[in-house]
Amino acid sequence: MGFNLTFHLSYKFRLLLLLTLCLTVVGWATSNYFVGAIQEIPKAKEFMANFHKTLILGKGKTLTNEASTKKVELDNCPSVSPYLRGQSKLIFKPDLTLEEVQAENPKVSRGRYRPQECKALQRVAILVPHRNREKHLMYLLEHLHPFLQRQQLDYGIYVIHQAEGKKFNRAKLLNVGYLEALKEENWDCFIFHDVDLVPENDFNLYKCEEHPKHLVVGRNSTGYRLRYSGYFGGVTALSREQFFKVNGFSNNYWGWGGEDDDLRLRVELQRMKISRPLPEVGKYTMVFHTRDKGNEVNAERMKLLHQVSRVWRTDGLSSCSYKLVSVEHNPLYINITVDFWFGA
């Protein structure tokens, strides 16, 4: 009886001891787990913060990239620029260099300029026929670039240079300028510009209108009066479509004179009117020069003028043959050099 009681107590004691040990082990393991978990909370917070920061940075980069690739749409420039000054006193420095003109026009690149603050209403190509008139070209570039920029134009200046050895053909050079310029840009408007004429008033807008426009109402050499009734030379403006419609200039005027009157007749044959600015606006200074060798008066000009109505469809842009020697994009202008075969 005593033995059984002792055994029974011993068994209960061992069972209790075993249970206590189990609870102790479980408690120890649980406490270690919670301590470890508590210690890991700051690390987890740091990880999540860094992850969130990376996510925000990633989104920011995406937004930045999208913003950089998205094209900003500018408003149209006003029909009358706020930068216009009106009549200007022109100064022609005898020691002017091309480097000076370039330094004065830092925003012109490869002969092109467009306003940054608005979208220009027209893309305008200025075509200047040229041979052996370097000083005149410098004076024109010095004054014409700021003049055009104040008018908020998207423009390019093309100087079409005739290679030596042939009689000068201004009209054919202008046909070449039109054809070659359109290979670079779908220009809206073309200004056919003599190298020795410099505009005095920037309200004389170098834009195209519903009808062809004659810009030289007067010049200093004629007392600022129109040279003669019907005069259509010096500086004229025709849209891409207008010039194409008249088949451009005739290619047959070798030497000086007649090609401007020929163009006027072509315009009139298409029942287009000619507009001009007000006399006080369409004023130009002609830089003095003597007649160039190779640009003598064309003795055939009157005979050619009598043929315009018969030949204008076949003589012009449609028949303009030439050898393209080079196209050079200088800082202030695009130089196009061509060679003609005399009589072609």
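Placement of Cβ uses the backbone N, Cα and C atoms for every residue, glycine included.
Some features that Swiss-Prot has for this protein:
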BINDING   129-133, 168-170, 195-196, TYR224, TRP256, 289-291  UDP-alpha-D-galactose binding site
BINDING   ASP196, HIS289  Mn(2+) binding site
BINDING   GLY258, GLU259, ASP260, ASP261, ARG301  N-acetyl-D-glucosamine binding site
DISULFID  CYS77-CYS118  disulfide bond
DISULFID  CYS189-CYS208  disulfide bond
CARBOHYD  ASN220  N-linked glycosylation site
CARBOHYD  ASN335  N-linked glycosylation site
TOPO_DOM  1-12  topological domain 'Cytoplasmic'
TOPO_DOM  39-344  topological domain 'Lumenal'
TRANSMEM  13-38  transmembrane segment
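Here the features listed in Swiss-Prot are painted onto the structure.
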residue: ASN169; record: UDP-alpha-D-galactose binding site; contacts (Cβ under 8 Å, 6+ apart): GLN162, ASN251, TYR253, TRP254, PHE340
residue: CYS189; record: disulfide bond; contacts (Cβ under 8 Å, 6+ apart): GLN122, ARG123, VAL124, ALA125, TYR206, LYS207, CYS208, ALA237, LEU238, SER239, ARG240
residue: VAL195; record: UDP-alpha-D-galactose binding site; contacts (Cβ under 8 Å, 6+ apart): VAL128, PRO129, HIS130, ARG133, HIS136, LEU137, LEU140
residue: TYR224; record: UDP-alpha-D-galactose binding site; contacts (Cβ under 8 Å, 6+ apart): VAL217, GLY218, PRO279, LYS283
residue: GLY258; record: N-acetyl-D-glucosamine binding site; contacts (Cβ under 8 Å, 6+ apart): ASN298, ARG301, MET302, LEU304, LEU305
residue: ASN335; record: N-linked glycosylation site; contacts (Cβ under 8 Å, 6+ apart): VAL159, HIS161, SER326, VAL327, GLU328
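For ASP260 (N-acetyl-D-glucosamine binding site), the count of additional Cβ atoms within 10 Å of its Cβ stands at 22 [all protein chains shown]. Other than the site residues GLY258, GLU259, ASP260, ASP261, ARG301, same-chain residues with C-beta atoms no more than 8 angstroms from the centre of those residues' C-beta atoms, the N-acetyl-D-glucosamine site, are ALA171, GLY233, TYR253, GLY257, ASP262, LEU263, ASN298, LEU304, LEU305. Counting other CB atoms no more than 10 Å from each candidate's CB, the binding-site residues PRO129, ARG133, ASP196 peak at PRO129. For the pair formed by ASN220 (N-linked glycosylation site) and CYS77 (disulfide bond), distance between Cα atoms is given as 32 Å, rounded to the nearest Å. Fewest other C-beta atoms within 10 Å: among the disulfide-bonded residues CYS118, CYS208, that description fits CYS118. For the N-acetyl-D-glucosamine site, whose annotated binding residues are GLY258, GLU259, ASP260, ASP261, ARG301, the maximal Cα to Cα separation is 11 Å.
In this structure, the CA atom of CYS77 (disulfide bond) is 30 Å away from the CA atom of ASP196 (Mn(2+) binding site). If you take every residue in the topological domain 'Lumenal' (39-344) and average the pLDDT, you get 89. A distance of 18 Å separates the Cα atom of ASP260 (N-acetyl-D-glucosamine binding site) from that of ARG131 (UDP-alpha-D-galactose binding site). Of all the recorded positions in the record (CYS118, ASP196, GLU259), the one with the smallest CA separation from ARG131 (UDP-alpha-D-galactose binding site) is ASP196.
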